[in-house]
Amino acid sequence: MLDHPLNSLGFAKPPAATRVVVAMSGGVDSSVVAAELAAEGYDVVGVTLQLYDHGAALAKKGACCAGRDIHDARRVAETMGFPHYVLDYENTFREAVIDEFADAYLAGATPVPCIRCNERVKFKDLLQTAKDLDADCMATGHYIQRKMGPAGPELHCAADPARDQSYFLFSTTPEQLAFLRFPLGHLASKAETRALAARHGLPVADKPDSQDICFVPNGNYAEVIQKLRPGAADPGEIVDLSGRVLGEHRGVIHYTIGQRRGLGIGGLGDPLYVVRLDPERRQVIVGPKEALSTRIVPVREINWLGDAPLTSRSEWQVMAKVRSTRASREAVIRPLSDTEAEVELIAPEDGVSPGQACVFYAPGDSRILGGGWIWRGAR
């Protein structure tokens, strides 16, 4: 029997014999992925995760995985004629994502819960569910590319820099990457995605993109934290770098590194910025803009995606990104172990905050080499 040519998902069999679970949030991106694969003849199974209490989020626009989104995902499945399931992951999501989100702010960090959700829920539990459903792979609507390299599948930035989500997916492991597919990563723009949705007659073709953190109604994260951790907003002192008290703050959770507005300490001359948070002393430390300049960034919990082990070299020349909204910059990784390193930024950056991710890219290439979490001690 002749070998079957590879289908569009990389399997040597017909699409009809290839089962793919599509993680459906109810938004246009994952809906287009499911519709395109169904139209190609794949054995598509749509799965949507119910992640949190939908009471407040039911009518909230701009969230993902809310009650309305589950309804939209179901309508897309009905339109395209494939099965769709909703799984209750509220307890898992709270334990794996929301609790850490609250605790991180209490510790003076600025967390990125979307990364933890991908790492601990979508690409862990949901991926295992896909395998339990005898799927050959799982597809998502993320804007990122999976390319085959000499050592196996590699993670690459999306073709559209404006939509690239590589910063939020650095913790994808090689084992997960082998099972995952990202059909939208090659598209040149979001307009192409919406055009595909319209072509398939999907009810979500004009649905707005998701905004903010899905479990934070109206973007008021401090309110969510106070409900989860009573006493989180205890007031304290605002002090300068010498320890001089300049005023009182409303609780450390209301502030982040680099913040200038809303400090309530105007009239002191040059603008002052939050340069450090000390939750133990309940202090917000402020200073001039130059005090924000950071060159050395301690990084831990590193997920390394390079072909050679991280510790096989004393230094790695990379491009590094310390915030999702910033461009990557030249940097040097100096490994301390398989999962910890000191990262030197060739040009200092302002506002490097504990709790954010530091993501590594190959110089002159679109490949993601991994990343880790910024820890205290950046200087």
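Just so you know, glycine gets a Cβ as well, placed from its N, Cα and C.
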Which single residue out of GLY108, GLY141, GLY149, GLY152 does Swiss-Prot record at the ATP site shared with ALA23, MET24, SER25, GLY26, GLY27, VAL28, ASP29, SER30, LEU49? GLY141
Diameter of the ATP binding set by C-alpha atoms, the set being ALA23, MET24, SER25, GLY26, GLY27, VAL28, ASP29, SER30, LEU49, GLY141, in angstrom: 16
Select the closest residue to CYS117 (active site, nucleophile) from the following recorded positions, measuring between CA atoms: SER25, GLY27, HIS142, CYS214, GLN356. CYS214
Give me the count of other Cβ atoms within 10 A of the Cβ belonging to GLY27 (ATP binding site). 23
Cα nearest ASP29 (ATP binding site) among recorded positions (HIS142, CYS214, GLN356) -> HIS142
